């Protein structure tokens, strides 16, 4: 493939970093002043556009889907996180969402741009094991699931920091109900009436985190299954207890426990939010920790000799 100037790809990432760096304090200012977040959404949307352009140019330059090393996967994760944030804000354009979610996209692109050595930022030919159509199916789905789970977990963290003295009363009937929950009351004529009660800030965040984590969990399941099929084709085994595989399974179990406590135990508010925050830590270990150790078949490699 024809080579692009390397600073063009990294420059787009740096531009996205600057936009998100500007958006973050504006988001926190909007929270404190209860201002609208239109400018923050615009900055995040522009950052997502730059990240999209960066990934497309990297794809054109390298000749393969740009998710083959730690730098590319971090840029892809930043893109997925900003996109998830924009989609969540369409459901509830609150400055709290922007303040909770923007740090994740900013952290990913900052780590990719400033923490990785130049060798890891360079495009390189795919190793034979990655020259498969499963690369897009498995890795991209896993990364998008991480983005949804990370954003959802950050919203759960926001639940822990808001409405701390108020009992949350979110019910399944309020999921996707436009910020209202349904409640029965007895009217003056003695007839039961259905009334809509606006959700509190904590309940809105709880609803959004639940929905976002549910989507992320389903995608993580698809990603793990597709990875097992690909592993069998490439290495002759569906599961080898590679460190990344093991931590991905732990991640799946944590979020399965989160959904179980909500669906079967009726937990809501702060208790499942604590489980989601544990999931946040597990994803960090699974994604970054394994690469820092530089071990396993799934490691992108941190040490280069």
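Positions of Cβ are set from backbone N, Cα and C atoms, glycine also.
Remember, predicted model here, so these are calculated numbers, not experimental data.
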From the ranges 192-209, 246-263, pick the one that Swiss-Prot records as transmembrane segment.
-> 246-263
Report, as numbers and ranges, every residue of the chain located at least six residues beyond the transmembrane segment (63-83) whose Cβ falls under 8 Å of a Cβ in that stretch; write 'none' if there are none.
-> 1, 13, 16, 20, 44-45, 47-48, 51-52, 54-55, 101, 104-106, 108-109, 111-112, 116, 120-121, 124, 126, 130-131, 135-136, 139-140, 143-144, 146-148, 150-151, 287, 291, 300-302
Which sequence positions outside the transmembrane segment (37-57), separated from its termini by at least 6 residues, show Cβ-Cβ distances below 8 Å to it?
-> 4, 8-9, 12-13, 15-16, 19-20, 22-23, 26-27, 30, 66, 72, 75-76, 78-79, 82-83, 85-86, 89, 93-95, 97-98, 102, 105, 109
For the transmembrane segment (96-116), what are the same-chain contacts with Cβ under 8 Å, counting residues 6+ beyond its ends?
-> 10, 13-14, 16-17, 20-21, 23-24, 27-28, 30-31, 37, 40-41, 44, 47, 51, 70-71, 74-75, 77-78, 81-82, 84-85, 88-89, 147, 150-151, 154-155, 157-158, 162, 201, 205, 208
Within the same chain, the residues 6 or more beyond the ends of the transmembrane segment (11-31) and with Cβ under 8 Å of it are 37, 39-40, 43-44, 46-48, 50-51, 53-54, 57, 75, 78, 82, 95-96, 98-99, 102-103, 105-106, 109-110, 112-113
